[in-house]
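**Student:** Mind having a look at this structure? Questions to follow.
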């Protein structure tokens, strides 16, 4: 419950507030099939008076599957596997954590989640890396989201840390090595502009001051204390 309250507070006081200050307007929104992203999007659209725009829920925008690490926070994972190993799993491009097993208490809850039942068995992951997450996220970006941008739509994407990190890697052409050092701050919206040829114009613009963005990035990168 505390986690949900925190997410809702961030959605209202950080995400929605920043977009409202910028007078952002959107014609269509994309999000994942996971409750956290859906709740965040609902809060944002309500605050922006945009509850009537089309919303598309795409499972390929879901957060990365952390395999056997599912259900643990960063500190708990570090206590079990060691901080160095956990950081490799979290930040590397293509080194996966162990796959989730049926003995994991979250295994059946994930597999039987009504929001995920439409996913084909062969597409349902048991562990993922940033690389394999991108293998499902980038085609969705290309096939579903980019056509709306090309049509002149103002597009809002509300997703998750790793799925968005993968999109930014793809859009900016960040190398496999450099992506290990790249962190997206939680809850702080960012804007990417494109020209008519769909090339990125300028840099990512975060809707917060530099100090706030830096601190949020450091928090994402950190394992955290006990």
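Placed from the backbone N, Cα and C atoms, the Cβ positions cover glycine too.
Annotations per TrEMBL:
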{"type": "BINDING", "residues": "36, 63, 64, 65, 66, 74, 90, 91", "note": "substrate binding site"}
{"type": "SITE", "residues": "160", "note": "site 'Transition state stabilizer'"}
**Student:** Of all the Cα pairs drawn from 36, 63, 64, 65, 66, 74, 90, 91, the residues the record ties to substrate, which distance is largest, in Å?
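**Tutor:** This binding site's residues have a maximal Cα-Cα distance of 22 Å.
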**Student:** Looking at the binding-site residues 36, 65, which one has the fewest other Cβ atoms within 10 Å of its own Cβ?
**Tutor:** 36
**Student:** Far apart in sequence but close in space: which same-chain residues, 6 or more away, have a Cβ under 8 Å from residue 160 (site 'Transition state stabilizer')?
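**Tutor:** Once residues fewer than 6 apart are set aside, residue 160 (site 'Transition state stabilizer') is near 32, 34, 36, 37, 61, 62, 63, 64.
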**Student:** Tell me, how many other CB atoms lie within 10 A of the CB of residue 66 (substrate binding site), whichever protein chain they belong to?
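**Tutor:** Around residue 66 (substrate binding site), other Cβ atoms within 10 Å: 21.
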